[in-house]
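Visitor: Got a structure for you, written out below as structure tokens; questions coming shortly.
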Amino acid sequence: MKAIIVLLMVVTSNADRICTGITSSNSPHVVKTATQGEVNVTGVIPLTTTPTKSHFANLKGTKTRGKLCPNCLNCTDLDVALARPMCIGTIPSAKASILHEVRPVTSGCFPIMHDRTKIRQLPNLLRGYENIRLSTHNVINAERAPGGPYRLGTSGSCPNVTSRSGFFATMAWAVPRDNKTATNPLTVEVPYICTKGEDQITVWGFHSDSKTQMKKLYGDSNPQKFTSSANGVTTHYVSQIGGFPNQTEDGGLPQSGRIVVDYMVQKPGKTGTIVYQRGVLLPQKVWCASGRSKVIKGSLPLIGEADCLHEKYGGLNKSKPYYTGEHAKAIGNCPIWVKTPLKLANGTKYRPPAKLLKER
């Protein structure tokens, strides 16, 4: 393969004799120069390498995050992001994060209609922050929210440490206690409660079911309307009544209904609003997140350390300044991608052996 010359050294002599020339043999090194085209030289130093695929690793000198919550056993990153019971734990701070769930599976609490919202992006949104923590307090009093009083619904698929049924800590399933009637759109303000100037990620949603179940739970079997607004972003939804698609990825959860889950990002001091009818999942604990973590697609487990993390090759140690092969996103102390190999000429321009001449 042709290479581009980086440096070419030329040696001259001011001797008063014509000698036999440069002692050399056939040179296998051909470099391509800007002024002389292809040139044979007596020696080169390769500047490029072609990596092979390897395990992903921890980035040297930097905290690297794989799973959002390494100590939350049998929990997907979506479980952690929604704060499913038994999946609440400390998320370690990190300057680099591995996006290892290309299509995050649903949580085991309740069948989620993923395609209606951007909820699959929530774990990746959190992964992009260096510091992430779940608030200790609820953002609103769900039981006394407009349209209440409410009892908080639970799911037998969500047992917690104290009960055989529960629900996500980020949301409250608002089921009317007594006033099971249709309602006009109601509005609740969502205050900013993070304390360190972080972004506040507020999770909310709504539940829908068959006409029979909607009438039983909420007193209204018609489609319900919902709107969220924060940081200049407004989102509208209308609930679907029955006719839900089969979601085999839910692992055979028994519920007949579905929930739609979304989130909004609130900047420091900014209030959000949710306009809702029956079946709302009101926000409770919120995520407080700050700093930036570089995110790269990869896989787990993380084995050892590496200078560079590359989406196609995994963990790389930088042995040369350039590399050839597949070009993809990389983070860390990485070699630079080039299309063709580069070589540094560390010898002279090759000349064939000169014939022996007489002295003058």
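One is the number of the first residue shown, and numbering goes on along the chain from there.
Cβ atoms are placed via backbone N, Cα and C, with glycine included.
The N-linked glycosylation site annotation in Swiss-Prot covers Asn40, Asn74, Asn160, Asn179, Asn246, Asn317, Asn346. Annotation comment: Swiss-Prot describes 1-15 as signal peptide.
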Visitor: If we check Cα distances from Asn317 (N-linked glycosylation site), which of the glycosylation sites Asn40, Asn74, Asn160, Asn179, Asn346 wins as closest?
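Guide: Nearest candidate: Asn346.
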Visitor: Compared by Cα position, which of the glycosylation sites Asn40, Asn160, Asn179, Asn346 is the closest one to Asn74 (N-linked glycosylation site)?
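Guide: The answer is Asn160.
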Visitor: Please report the Cα separation of Asn179 (N-linked glycosylation site) and Asn160 (N-linked glycosylation site) in Å, rounded to an integer.
Guide: 29
Visitor: Just to verify a number: CA distance, Asn40 (N-linked glycosylation site) to Asn160 (N-linked glycosylation site), in angstrom, no decimals.
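Guide: Asn40 (N-linked glycosylation site) and Asn160 (N-linked glycosylation site) have their Cα atoms 73 Å apart.
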Visitor: If we count other C-beta atoms within 10 Å, could you say which of the glycosylation sites Asn40, Asn74, Asn160, Asn179, Asn346 has the fewest?
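Guide: Asn74, out of the glycosylation sites Asn40, Asn74, Asn160, Asn179, Asn346, has the fewest neighbouring Cβ atoms within 10 Å.
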Visitor: Round to the nearest Å and give the CA-to-CA distance linking Asn346 (N-linked glycosylation site) with Asn160 (N-linked glycosylation site).
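Guide: Each residue's Cα considered, Asn346 (N-linked glycosylation site) and Asn160 (N-linked glycosylation site) end up 68 Å apart.
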